[in-house]
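Everything on this sheet refers to the single structure shown next.
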Amino acid sequence: MTTTTTTSSTDAPGTSPSGVAGSPPKRNDLPTVRYTMAQMRRSAGRLTAAGIAILIGTAFVAVTLLAGNVITRATYDTIAARYADADVLVTTSGNDWREDVEAVRGTEGVVAADAVRSAYLNLAENGEFAYAEGVARPQDDRLMPLDLTEGKWPSERGEIAVPDGVAERLGVAVGDEIDIHRWVQTDPETGDGEEVSEPVRVVGVTEDPYGAYAASGGAVVATAADIEEWGDEPVPGDPFEIAAVLDPSALAGGEPTQAVRDALNSAVVSDGDHSVVTVDEHAQRVSAERTGGEDLVFLVFVLTFAAVALLVAGLVIANTFQVLVAQRTRTLALLRCIGAGRGQLYRSVLLEAAVLGVLASLGGVLTGVLLAQTALFVAPQFDIGVPLPTIVSLTPQVVLIPLAVGTVVTLVAALAPARNATRVAPLAALRPAETLSVRKGAGRVRAIFSALAVLGGSGLVGLGVYLGADGRVDLGLAATVLGGALSLIGIIVGTVFWLPKVAAFLGAIVARTGPASRLAAANTLRNPRRTSATATALLIGVTLIMTMTTGAAAARSTADSTLDETFPVDIMVMPGSSDVPASAVDDIAGVEAVSTVTEVYAADAELPGGEYLYLQAADIEDLRGTVNDESAADGLEPGTVLLSEGQMENLDLAEGDTVDATGTGGETVPLQVVETSNVGLTSFVTLGDLRRLDPDAALAGVWASLAPEAEPADALADVQDAMSDDGVFVTGPAAQRAQFEQVINVMLGIVVGLLAVAVVIAVIGVANTLSLSVIERRRESATLRAIGLSKSQLRGMLAVEGMLIAGVGAVLGIVLGLAYGWTGALTALSIMGEVSLTVPWLDLGVVLVVAVVAGLVASVAPARSALKASPVEALGAE
Amino acid sequence: MDTTVYVPVDGTRAVRARDLTKTYGSGEAAVHALAGVDVDFAAGEFTAIMGPSGSGKSTLMHLLAGLDTATSGQAFVGTTDVTALNDSALTKLRRDRVGFVFQQFNLLPMFTAEQNITLPVELAGGTVDRQWFGTLVETLGLTERLTHRPAEMSGGQQQRVAIARALIAQPDVVFADEPTGNLDSRSGAEVLSFLRRSVRELGRTIIMVTHDPAAAAYADRVVLLADGRIAGDISDPTPESALAGLDALRTLEPNVSTGTTPVVPGAGAR
Ligand SMILES: Nc1ncnc2c1ncn2[C@@H]1O[C@H](COP(=O)(O)OP(=O)(O)OP(=O)(O)O)[C@@H](O)[C@H]1O
Ligand SMILES: [Mg+2]
């Protein structure tokens, strides 16, 4: 190596071999660059593995940003699609909109113009309902975004064209007559109104190729007169839009000429603000508004997970560089011996990190773009309802943000290892290789910071739980999340102190299984820092996943008991347009999924204070067999009435009081008040008591429970079918509950999916650590092979090592996740009542198995390279 | 070309090589590390292999022990043809019948002396013969050191642990490649006398590579190697006779240290 002159300030004065007398010392980094590149080539394999971690992280960011772009584009397209081929939008206050439309139509250069009007309609046919937006057929088809697939456009009042989806759902075709239900206000003072229903004829079926009405499931087209009657008058103050198609002479380069703009502006009759904008301008403005709102929330939400993935990637990088520096100790010392300055070594490591960061991030951006493009290719095959762009839009942000983030994360991760490189004493080159090691142990500052963060964080979490139980859920959740994050950071920072002890404990158990396992257990403890850094990377992902699943499990089972009280039975049939007929009981019992049914009777009773109480009753045995919570009917016996806390308060009664109820039959029955928290069973008395109050008490409903294996939504549909002729109202709390659970599951699935990226990166970290250890222990492995370790034992040793590291990370992550999940659930759910803290055994098992198998898989490649090296070669290696 | 087969006068042959060759690389760059070696090593004997640097000593030992594959020829441990074994058979051979002592000690840093010594037996899934273990530890003077880790021991002590590790499975033969290379002369002398005691008192067979004529004098016999061929044999060596043997090789062969001279003029060097 050429003698290098350095100006690094960390060099002790006089020790730097300054240049030849006479020539001023000049800074020359070239040897450093050349040395760095040579080192990188030597460590290419190791760096690649670390680079993949960063690559995945940046790909995640890139895909998220691209998805954001796609959403913005799709939003823009959908908005623009609504105006079809219109050129301009005239927005007015809508006070005199009819005159405005006429004025716009009469403006020079305007070919066609129409008001953008809609009405919400409820279509009914064959017992099915469909809500849809109704839009007026415009004056000119160029203003119509929908295409006709069958029949014709409505031209007379009472004619409609329906979207294909609606036609299918309602089972109607062109020529059929269906009912339109709408709510008509009869008294503007009180807001009272009634539902009216009128028949209309389907004359056409439409499709929505540009997704103009994708959000509302397509639009029903009717004549302008019908829409005007069905819809409300424009709300004063809301912008009223008139879309217009212009004559080519009024357009200059696709834009309306200033003359037309002025003419339109002055044509508006309505008072108040008005504007003339192109459809593009309008779509841009509206989509920008949305992008600043909901879309931003989406971006922030997903990018949070990308940040977790990058944090884990940073750990993997830091670990890799730490090991690389340790492996190069001898070379570094040698360099110091021949005159390299500390600054040069520091810069060399950072340069290496920068090169790695840039290359890996570029790879990540490329991967992200390819993934997003593939998704866009595949997406049209699934019916997602929204037309998506076919090509990803590559904005500078999509490339630059991930690139910058990936490079910075890599650089920051390499800071500590770079500092370690400068600590290598020149003397180290003279010591035998075996005794070399990078500084062990960890600083006191770290210990103190870790302890403070854990204590402070736990305190905050405690406060959060207290606030949650106190009903201040928002504040409580904020405290819990903040405290959880703080304590997790403390735990992560402090893993080096305690994680090796856990590893030692698990290792001692594993070591009993054989000599290879004993070697593996001993190996994981040789380098506590490396083992804990590797396991920590996995711990983060596992902790977050377990937190989510535990929280979801708690929410689910807490909701279960709450739902039992809110929705006491699986299926309820109640009077609708007609009373529940006596035949309903048999009809419902005949449905396959139904296991038991109960007839519920009801009658009004007058209380001494003059209040009326709507009392219900059912056969006590049937009732017990049908309600979800059998014990809910406890306390219901002749002479008692079940009342909720609220009812008791309203009626000024207390548990144990006796109240005299007088029925329409004239008889007075004394009833003792029993409190119930089960919403379904409030106002229940025994059937005998009800009959005494009103011998003619009518059948007020039928309750049914479903067979355990029944699919709630299907069962509900079956019961609805069975009751379709009767005009009764069928609700399915069971289906509602299933839907609720599905929502939890879908959300959980998304979150776990996003977190899984962090776990994948961590597993790469495990593999990387193992490969590095294998390289480091080449001589040792050769020795072991020479004294009789078989190939499969060597493979087994590395497998156990991988599983041990992964297992430690997973076990600790699971424990932490349970703790966080429970405290989170306590904070968020206490308001719903008693929180049941369950252990999601299944999820827990899956996480553990996945982690351990991942550790096993991570050992495959390192084991292969360990076996490839011939014993002789390794014995000779320095 | 030296075709003499050196057969010891008495005793069975623990290790044999027959026309053993090893060539690294090919064409122009080919290095004939071993160019047809025939040699026998008697059981219950302490043999030293000497020769200039690059003469193929380590290579010969690796091939005899089945650590590396020969280009041609055969190597026998007892009656087993090592060159014909597959990996798992070789692993079994190394476990049960062959022991190693390295120049670099090569102890496992995370294990204590005792754990290091018993490791081969454990790897084989066997149980440690405590009596033999006791004998070894006593003979090698390691009783006090059993709970120490390698980092807490001197080089000589580490090498004695390595010797105990090599002997624990009572192998047919122990190979030692410059076992004293990393030791000062006193520790070296200690280790060598332990090796000799293992042969004399414990009845083991040891083949040792060394550069040091004084070390070779501990052996019962010296085999000289030059340029990948057997170049001589000295029985009951003294430091002087071993040095003379080596010197004879040097005078004969000025280029020997490059290891690339294709022909050795003259056969045996005595
Ligand atoms: N892996 C290899 N690739 C190429 N050539 C090799 C390899 N290993 C050894 N050689 C060559 O084979 C020859 C014999 O090497 P060997 O290590 O057996 O010598 P040695 O007698 O043990 O020398 P020393 O006394 O220096 O240890 C040498 O010329 C060496 O350069
Ligand atoms: Mg050698």
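Any Cβ shown, glycine's included, is placed from N, Cα and C.
TrEMBL entries are annotated by machine, without manual review.
So that you can see what the record holds, here are the features copied from TrEMBL:
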COMPBIAS  A:1-10  compositional bias 'Low complexity'
REGION    A:1-30  region 'Disordered'
TRANSMEM  A:47-68  transmembrane segment
TRANSMEM  A:296-324  transmembrane segment
DOMAIN    A:304-424  domain 'ABC3 transporter permease C-terminal'
TRANSMEM  A:345-378  transmembrane segment
TRANSMEM  A:398-416  transmembrane segment
TRANSMEM  A:447-469  transmembrane segment
TRANSMEM  A:535-555  transmembrane segment
TRANSMEM  A:746-775  transmembrane segment
DOMAIN    A:754-871  domain 'ABC3 transporter permease C-terminal'
TRANSMEM  A:796-821  transmembrane segment
TRANSMEM  A:841-861  transmembrane segment
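Highlighted: of the candidate stretches A:345-378, A:535-555, A:746-775, A:746-775 has the greatest count of Cβ pairs under 8 Å to the transmembrane segment (A:296-324). Among A:47-68, A:535-555, A:746-775, A:47-68 has the largest number of CB pairs under 8 A with the transmembrane segment (A:398-416). Sorting the domain 'ABC3 transporter permease C-terminal' (A:304-424) by DSSP state (H, G, I as helix; E, B as strand; all else coil) yields 100 helix, 0 strand, 21 coil. Taking H, G and I as helix, E and B as strand and the rest as coil, DSSP gives the domain 'ABC3 transporter permease C-terminal' (A:754-871) the counts 102 helix, 0 strand, 16 coil.
Confidence annotation: the domain 'ABC3 transporter permease C-terminal' (A:754-871) carries a mean pLDDT of 84 in the model.
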